[in-house]
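Structure incoming, see below.
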Amino acid sequence: MSSGNGQQRAGGEEAAPPEQLALMREAVRKAKEPRAKPRTWRGAALARELPVARVLVDKGVLHLDRYFDYAVPEELDAVARPGVRVRVRFGAGGRNVREGRREGGGLIDGFLVERVAESDYSGPLAALAQVVSPEPVLSPELLGLARAVADRYAGSVADVLQLAVPPRHARAEAAEMGPPPAPPSAPDPKSWRRYGRGAEFLGSLASGGSPRAVWTALPGPQWAEEIALAVQATLASGRGALVVVPAGRPAARVDAALRGLIGDGQHALLTADAGQERRYREWLAVRRGAVRAVVGTRAAMFAPVRNLGLVVVWDDGDASHSDDNAPFPHVREVLELRASRDKCAFLLGGWGCTVEAAQLVESGWAAPLVADREQVRAAAPLVRTVGDGDLARDEAARAARLPTLAWEVVREGLRHGPVLVQVPRRGYVPRMACAQCRAPARCRHCAGPLAAQDAGELRCCWCGREETSWHCPECGGFRLRAQVVGARRTAEELGRAFPAVPVRTSGREQVLDTVPSTSALVVSTPGAEPVAEGGYAAALLLDGWAMLSRPDLRAGEDALRRWIGAGALVRPQSAGGTVVVVAEPTLRPVQALVRWDPVGHAVRELAERAELGFPPVSRMAAVSGKAEAVAEFLRGAELPPDAEVLGPVPVPVGEAGRPRRAGGPPPGERWERALVRVRPGSGAALASALKTALAARTARGGSGGSGGSDAVRIRIDPPDIG
DNA sequence: AGCACGCCGACT
DNA sequence: GTCGGCGTGCTC
């Protein structure tokens, strides 16, 4: 078998004299001899032991997702250890054969993966240009994890490492670090006793066990200390622990709780808002084993904790647990991988319960950690609803835009302390719902969401089929309405309704951390709610129907999660805490809130998704790009036999209000998106098929993952499948 | 993605 | 004869 290159060369040499031709053929054959001895083009001396370095080049492109061999010069022998960052010449410029070997190609970064005696590569090896630093940042464990994540998400290892290894900072690296402090003693389980087998769980951690649990936390501020106790128990067993929370504020709470329990110095805080130097210093402290525990936001999910004994994710339904860089790994999934690979304990906690969490319990992978109903009733606020019927009957509501019940609860609450008002954030996508019962309109073929198109016709956002005779399967209605959200004005009007009371707002721009226990109206968007000292006296959850009627698979789950998140900051019912939600009391998430039963909701939701073939019971991948590119890609890909392709359908350009996520179509281009769905168990096969097809495509002609006009993008577990 | 190599048409 | 377009294929 001769390479294409060789054929070409031979063709061009036909005019050359025979003896010269023979010489050239000889040269070609020589270059192809297997097990070529490593040599540099300067003939520099090589390391005597293991002179070949296997290098992972730091380029996200998929067809470069493998190792390249380089020769190790003698002078780099000592520092060229596995795991260090290196720079190498890489690119076509390196093989200018004619005028003797000349340096070419650009210098690019990479990681030295291992040192070996011989190379499989048949050509002459280039030499490592530089060892950037002797710090072995890429351990075999981290590389293994990065590879597993890359496989799970059909991405490249280099892309994952970009998320996993922070940029180097020389000054941070120079700092000396001491040995880790002595482990703390095993904790008293304290409030963990409120959960059925909570004390048992902590005991298992402390004695070196690796239990896995989905924990439904009771409302209130105790959760941070409960996580800290789990960390303490794990440290007591001589192992390390990793906690990932959705944002800086909850990270600060767990940090404070840990300080309170075991003091400073046992753990590092890894959050995005730290500067580069501090980030790298903290990360190094973890890698070097100077600290044994980590609390942080999503980038911390890869933290190289030594002898990992426990991983924790808090509030896994929060969107910020999903990384927004390729290949878009999710904290819960990555920590599941870590727990499996490292055989360590796993704790997924939240006030609510995601469908994915319910699935972990149902599959038997994790055990439920819940309090009994009596405990729940004692800790949760009283929840009351205001539905359409109430509103219609309510004269006062029409005038004041505030239902009588809501008004009364707020007024009464303000007599005892602060009152939280939750208003939805702007920017929910208006799609279609039943005008009568407000159930989202769904496609009768694949159950995707229906949306009105530019021309006015009704189409499925997944499979693209037109719907001409829709009627509501819930209530039999046949009229549709577009969903519109207008919110903030309500807050201003509220302020006018209670003129003597101070109004404070907390939102995306300015997030309040805490508010005092004095009477005030606290208006907040979901996720930005300040914690009130002693708890809120009441909470008012407005425009619930708008949250619920988004035609998103997770609309109900999301709404419930946000309500629960607000309600958990309210005093218990026994202390007068009351929540009013403006939403139909017949709807499932509303009922779940009233009963404070997030697990029941998630379990029912899971059963329904299994029936309809929705994630997470099936796995989905989105393929998007220009129409021809998507079609060609799908034609070329060898998808698993059970794969089902939905669509493609046009990607809406700049849908009203929805912020365009990174990875959308460039301005002015019309893109399409297809969804590929497989049965449970075929997820890995799907990811692998997509990765192979993408790599082949890029290597062939197309312009691969990022740039070019014929690019396609793959996203496993797309977040917005309508 | 870059980047060189090589074939094929235009021009001093 | 040589210069330079861009179509292919490789990168240790």
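Using N, Cα and C of the backbone, Cβ positions are placed for all residues, glycine too.
In TrEMBL, annotation is done automatically, which means it is predicted and not curated.
From TrEMBL, here are the annotated features:
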BINDING   A:C434, A:C437, A:C472, A:C475  Zn(2+) 1 binding site
BINDING   A:C443, A:C446, A:C460, A:C463  Zn(2+) 2 binding site
COMPBIAS  A:178-187  compositional bias 'Pro residues'
COMPBIAS  A:712-722  compositional bias 'Basic and acidic residues'
DOMAIN    A:55-166  domain 'Primosomal protein N' 3' DNA-binding'
REGION    A:1-20  region 'Disordered'
REGION    A:171-193  region 'Disordered'
REGION    A:648-670  region 'Disordered'
REGION    A:698-722  region 'Disordered'
Go through the chain and flag residues at least 6 beyond the ends of the compositional bias 'Basic and acidic residues' (A:712-722) whose CB is under 8 A from any CB in it; none is fine as an answer.
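For the compositional bias 'Basic and acidic residues' (A:712-722), the far contacts come to 152-154, 319, 322, 327-328, 330, 333, 431, 448-449, 451, 461-462, 551-553, 615-616, 619-625, 629-630, 633, 663, 675, 683, 686-687, 690-691, 694, 697, 705.
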Using all protein chains shown, find which of the binding-site residues A:C437, A:C443 scores highest when you count other CB atoms within 10 A of its CB.
A:C443
Name them in sequence order: residues not among A:C434, A:C437, A:C472, A:C475 whose Cβ is within 8 Å of the mean position of the Cβ atoms defining the Zn(2+) 1 site.
A:A435, A:Q436, A:R438, A:A439, A:P473, A:E474, A:G476, A:G477
In whole Å, how far does the CA atom of A:C472 (Zn(2+) 1 binding site) lie from that of A:C443 (Zn(2+) 2 binding site)?
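A:C443 (Zn(2+) 2 binding site) has its Cα 11 Å from the Cα of A:C472 (Zn(2+) 1 binding site).
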Tell me the Cα distance separating A:C443 (Zn(2+) 2 binding site) from A:C437 (Zn(2+) 1 binding site), rounded to the nearest angstrom.
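Distance (Cα to Cα, whole Å): 17 Å.
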Validating a neighbour-count step here. Other CB atoms within 10 A of the CB of A:C472 (Zn(2+) 1 binding site): how many?
20
Using all protein chains shown, find which of the binding-site residues A:C434, A:C475 scores highest when you count other CB atoms within 10 A of its CB.
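Sorting the candidates by Cβ neighbours within 10 Å, the top entry is A:C434.
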Tell me the Cα distance separating A:C443 (Zn(2+) 2 binding site) from A:C434 (Zn(2+) 1 binding site), rounded to the nearest angstrom.
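Counting only the Cα atoms, the answer is 13 Å.
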Which whole number is the mean pLDDT over the domain 'Primosomal protein N' 3' DNA-binding' (A:55-166)?
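It averages 87.
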Roughly how many Å lie between the Cα atoms of A:C475 (Zn(2+) 1 binding site) and A:C443 (Zn(2+) 2 binding site), rounded to a whole value?
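Their Cα atoms are separated by 16 Å.
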When DSSP states are folded down to helix, strand and coil, where does A:C437 (Zn(2+) 1 binding site) land?
coil
